[in-house]
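The structure appears below as structure tokens.
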């Protein structure tokens, strides 16, 4: 028997990384928000690796923070170790990776939710989405509670018809022994949504006392306390000093390891037919790596701590769904793990996902106004991709409450824009992972300038509050002062200190007056050299110095990418009417017509990026729209 349990502006179903960001964003923008979770004890739980970031993923976390999201703040506060990756390459691919304390991360995020105004938290299992006149009207739980709301955000992760697989053992369930939502998939199908089936997996966890660390190579954190959040007051390491970071450890599998896997490959669910879902290309299981790369005698593994007070080590690189007894043999064949105690076996999990071509760029389901989906439910992998989608969905649900236009991030504005654009226009055939190679404008979309790109937009929608805005304005002013300082400082060729600094980095001597800006353009000159020559620069924040230096050193390349963005923007401005009937357009290819109907692109720029739509289809569409415009059947754009 149903009963009305409450009225809200926004309901978020699922309190993983997507759900937390969605609920916090909607509430912070003034929407009366309800967050429903299967378990209050698993909010923002890291079901797989205890880390955040890396290439593209770290960029996303900074973009989430720049917009006023929570993930970066929580990651910084609960960090175990920080490392800046790819420092030997250009700034476009520099990426922060933070090792997190799983339990502390969960507690910090839960406290943020419990302390948030306009946000109510409740434990329940949602079984149905209710609609009225084709629009969302609320959700119904297993106990019959009806929560009414015109906006519902589904962030159910890997919990839709979840099935755990360990060798021959298979059972219904969510990650780490949690319950799963078995009926919600059917309810979504009744609403007309097309679902698919994916799988992912996780490695075993072992006891830290059972490892012989002398057979591993230590991987310490950086001495610089890098952080995700642009807030200068953000604390790190749960209040500890930077020299208290916990290391990770590098090791390798052996030919013996690979032989054990090959001898038992017939028992691997991935190869025995027990797993039907498609797994992630960029995070293969160890059995998959052994089969696909049979010529390689070893593979890297990393032992990653799961918390300051946890005895568990996450064995990165050893994801597996092999039978439990075989997992013991695999682990004990690795040098240093001969006596390892297995605390949790690795497993695979299959789950349903919503095919994302059914969404608009706001993450609203096009056919069901008020219904949004975000996170792994949309066919992605990774905490960061999930959180970014949740943030966007939360913003757009709140804007819908306010009767405002959707918030769309373009590909040229952020990795968040690349992520959403790829999902909607290209679809997914395997769990989607964001990569720097997917972005056309990598030099523009650096992690260091995420705030310059997106914080003003977060301010416009009401998510960036006064304290963050003041910090942003201070950084912008500092960058302007730094630029003025080294542009206005000129050095004589007779300056002995200049000659010493240049000789120290094997830079050519100068034969005439030279400015600090001109010096900075030299590849071998870094901020450190400029600070030696212009002592006043020591007064400025390192982030502001870094940003100003990159903009000068790479000015030519940045200008070229900005010109490309401007040219492409003209295609984005050519709008496609919502009422267009693609079946009436002669000359479209069969696949192109089908994909255009499925995605319903809002503009020509989006149409060009749809998988299956050819350049010939674009030409036909442009001619058709121009004919209609000249005939007065559509408005000029």
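Cβ from N, Cα, C; glycine included.
Quantities reported herein were computed from a predicted structural model and do not represent experimental measurements.
As recorded in Swiss-Prot:
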type	residues	note
BINDING	14, 15, 16, 17, 18, 19	FAD binding site
BINDING	279-293	NAD(+) binding site
Ask   = Which of these binding-site residues has the least crowded Cβ, counting other Cβ atoms within 10 Å: 17, 281, 289?
value = 281
Ask   = How many Å separate the Cα atoms of residue 14 (FAD binding site) and residue 291 (NAD(+) binding site)?
value = 36
Ask   = Cα-Cα separation of residue 285 (NAD(+) binding site) and residue 19 (FAD binding site), in Å?
value = 27
Env. residues of FAD site, Cβ within 8 Å of mean position of 14, 15, 16, 17, 18, 19 Cβ = 12, 20, 21, 22, 37, 44, 155, 157, 375, 386, 390
Note = When the binding-site residues 15, 18 are compared by other Cβ atoms within 10 Å, fewest goes to 15
Message = Please give me the CB contact count at 10 A for residue 285 (NAD(+) binding site), counting all chains in the structure.
response = 28
Remark   = A correct count of other C-beta atoms within 10 Å of the C-beta of residue 19 (FAD binding site) gives 31
Ask   = What is the nearest of the binding-site residues 279, 287, 289, 291, 293 to residue 15 (FAD binding site), using the Cα of each?
value = 279
Key: Spatial neighbour of residue 19 (FAD binding site) that is closest, considering only the binding-site residues 279, 281, 287, 289, 293 and their CA atoms   = 279
Note = Whole-number Å distance separating the Cα atoms of residue 283 (NAD(+) binding site) and residue 16 (FAD binding site) is 20
Message = Around the C-beta of residue 283 (NAD(+) binding site), how many further C-beta atoms are within 10 angstroms, looking at every protein chain?
response = 19
Query = Taking just the CA atoms, what is the gap between residue 281 (NAD(+) binding site) and residue 18 (FAD binding site) in Å?
reply = 22
Task = Using a 10 angstroms cut-off on Cβ to Cβ distances, just flag whichever of 14, 16, 279 is the loneliest among these binding-site residues.
result = 279
Query = In whole Å, how far is residue 17 (FAD binding site) from residue 293 (NAD(+) binding site) when you measure between their Cα atoms?
reply = 33
Query = Of the binding-site residues listed here (279, 287, 291), which is spatially closest to residue 18 (FAD binding site) when Cα positions are compared?
reply = 279
Query = Can you tell me how far the Cα of residue 289 (NAD(+) binding site) sits from the Cα of residue 16 (FAD binding site), in Å?
reply = 29
Inquiry  = So if I measure Cβ to Cβ from residue 287 (NAD(+) binding site) and keep only same-chain residues at least 6 apart in sequence, which ones fall under 8 Å?
reply    = 261, 265, 268, 270, 271, 320, 321, 322
